[in-house]
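Beneath this line is the structure, given in structure tokens, with notes to follow.
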Amino acid sequence: MVTSDSNRTQSQSTTVQPPHPPADTHGSSRIGTIAGLPGPLFLTALAIVLAGALTDNLAVPMVAGFATAMLLGGLLMWLGNLLPVIRDFGLPTILCTFVPAVLVFLQVLPQSVIDVVTTFTTEAGFLDFFVVSLITGSVLGMPRQLLLKAGPRFVLPLLGCISLALFSTGALGALIGFGFREALLYIAAPTMGGGIGIGAIPMSEMYAEQFGGTPGNYLAGLMSAVVLANIFCILIAGLYNGLGKRRQLFAGFNGHGQLLRFTGDKDLEVPQKHSTGDFAALAQGLIIACVLFVAGNLLGDLVPGIHEFAWTIILAALIKIFRLLPTRLEEAASSWNDLATTAWLPTLLVGVSISYIKIGEVLTALRDPLFLLLTASAVLISGVVAGLLGWLLKMNFVEASITPGLAMADTGGSGDVSVLSAADRLHLMPFAQLSTRLGGVVTLLLASLLVPIL
């Protein structure tokens, strides 16, 4: 029993009663909280949603999708945090990313759950909503000097990891009998293409026009490479996170979330996440994020070659560099980002898993050991080259390896979220998105130049 200083003398002569934590009254002390709810209340909520799914009453995607994905994400995060060592290597994130997709593949989830979560994530726009919250909050919450110094240094690791991943994977393919052209165009190019929309789909059309057939003849194989590479990226990101919590392998190996390797310069450090925003500030941050994304869409319509996410990053960076917003509004955008990542990251990962990850395609790719080897090599080359080049430019190896290295090899927007969350470095989202958008365009351009001569 805890007493104040004024009552301490009086309490010494009384019988001290054992404390009664509020959680005990709900019977949750044995299992803690799941998705922020005491155990029995969580099970009640889960039963209600399950009843709605089985009776086909998950009618409103934004509401029912939120409830379903939040409960499933909370459960998987709770399970992942039960194992004390493996959880440091991103197990909770990995479970949220893959278990729902496995349940879909095994036909365990009711179709109504699949439909409502997919609609919630894609058509209702929750993925875009989450990513744009990360982008604006991360850029506006980033130290201005870090943005100015990190941007130019970022280009060389980005171009280096793309070029070496493409041609080294092609050379390895030729060496093991898979073929230089096949390894480069069908494995390395889609892996480094920035995802399905900007990479695999236009590449399938390009290959069909050059080599014959239809885009569908190429798309399944290209998507298998993208999905498999994304899995490798998430696993490596989780490994980096675990290694970073143990020891520094060499000077500049792990920046613990700091991209640049400048000691003693507080102006270049990414500030730690905090929760100082009141309700009004959170509302301001939400408005700023949404308006910037609308502006990005307008510019994307005027200049179709640049994605709306890229425009949103550019606008946020210009606002930060030229100090166009008061500091309190920059902090409001950062606080909104903190809320989104704290409350809804497992929700998004579940939505991405159900909507985008196709376990059947992964299993098909796993049946070919050469395909597996070449995909893994493309991811490893990208990560190692980006890390080394970044280290030479006074960036920390792990952070540079993750972005641009792993961010170039994942599935784009949803992959960036999964990789950065596994690495516990979500504040690097602007650099990851820049890798995906700019790097994807570079890879597509290189592929278009190579197709006629290979």
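Using N, Cα and C of the backbone, Cβ positions are placed for all residues, glycine too.
A TrEMBL annotation is a machine prediction, not a hand-curated record.
Small disclaimer: the values here were computed from a predicted structure and weren't measured.
The annotation region 'Disordered' is assigned in TrEMBL to 1-29.
Under the heading compositional bias 'Polar residues', TrEMBL lists 1-17.
The annotation transmembrane segment is assigned in TrEMBL to 31-51 (among others).
Positions annotated as transmembrane segment by TrEMBL: 58-79 (among others).
As annotated by TrEMBL, transmembrane segment applies to 91-109 (among others). Residues 72-73, 76-77, 79-81, 83, 117, 231, 234-235, 238, 346, 349-350, 352-354, 357-360, 418, 421-422 of the same chain lie 6+ residues outside the transmembrane segment (91-109) yet bring a C-beta within less than 8 angstroms of a C-beta in it.
The transmembrane segment annotation in TrEMBL covers 121-142 (among others). Sequence-remote contacts of a segment are chain residues at least 6 beyond its ends whose Cβ falls under 8 Å from one of its Cβ atoms, and for the transmembrane segment (121-142) they are 61-62, 65-66, 69, 270-271, 285-286, 288-290, 292-293, 296, 309, 312-313, 316-317, 319-320, 325, 329-331, 333-338, 340-341, 344, 347-348, 351-352, 354-355, 413-414, 416-417, 426-430, 433.
Among the features that TrEMBL reports, transmembrane segment is placed at 154-176 (among others).
If you look up TrEMBL, you'll see 183-203 (among others) marked as transmembrane segment.
Taken from TrEMBL, the feature transmembrane segment applies to 218-240 (among others).
Sequence-distant contacts of the transmembrane segment (279-300), counting only residues of its own chain at least 6 positions beyond either end whose CB sits under 8 Å from a CB of the stretch, comprise 128, 132-133, 135-137, 140, 306-312, 315-316, 325, 328-329, 331-337, 339. Marked as transmembrane segment by TrEMBL: 279-300 (among others).
Per TrEMBL, transmembrane segment is recorded for 306-325 (among others).
Positions annotated as transmembrane segment by TrEMBL: 337-357 (among others).
Feature annotation from TrEMBL assigns transmembrane segment to 369-393 (among others).
Here TrEMBL flags 434-453 (among others) as transmembrane segment.
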> Do any residues of this chain, six or more beyond the ends of the transmembrane segment (183-203), have a C-beta under 8 angstroms from a C-beta of it, and if so which?
Replying inline: 161-162, 165-167, 169-170, 172-174, 215, 218-219, 221-223, 225-226, 229, 307, 371, 374-375, 378-379, 382, 408-413, 415, 435-437, 439-441, 443-444, 446-447, 450-451, 454
>> Could you check whether the transmembrane segment (58-79) and the transmembrane segment (337-357) come into contact, where contact means at least 3 Cβ pairs under 8 Å with the two residues of each pair 6 or more apart in sequence?
In response: yes
> Sequence gap of 6 or more, Cβ distance under 8 Å, 3 or more pairs: do the transmembrane segment (369-393) and the transmembrane segment (154-176) meet that?
Replying inline: yes
> What residues in the same chain, six or more past the boundaries of the transmembrane segment (218-240), come closer than 8 Å to it by Cβ-Cβ distance?
Replying inline: 89-91, 93-94, 97-98, 186-187, 190-191, 193, 195-196, 199-201, 203-204, 207-208, 254, 357-358, 361-362, 364-366, 371-372, 375-376, 378-380, 383, 398, 401-402, 406, 409-411, 415, 418-420, 422-423
> Mind checking which residues reach the transmembrane segment (306-325)? Cβ under 8 Å, same chain, six or more beyond either end.
Replying inline: 131-132, 135-136, 139-140, 142, 144, 147-148, 151, 198, 288, 292-293, 295-297, 299-300, 413, 430, 433-434, 436-438
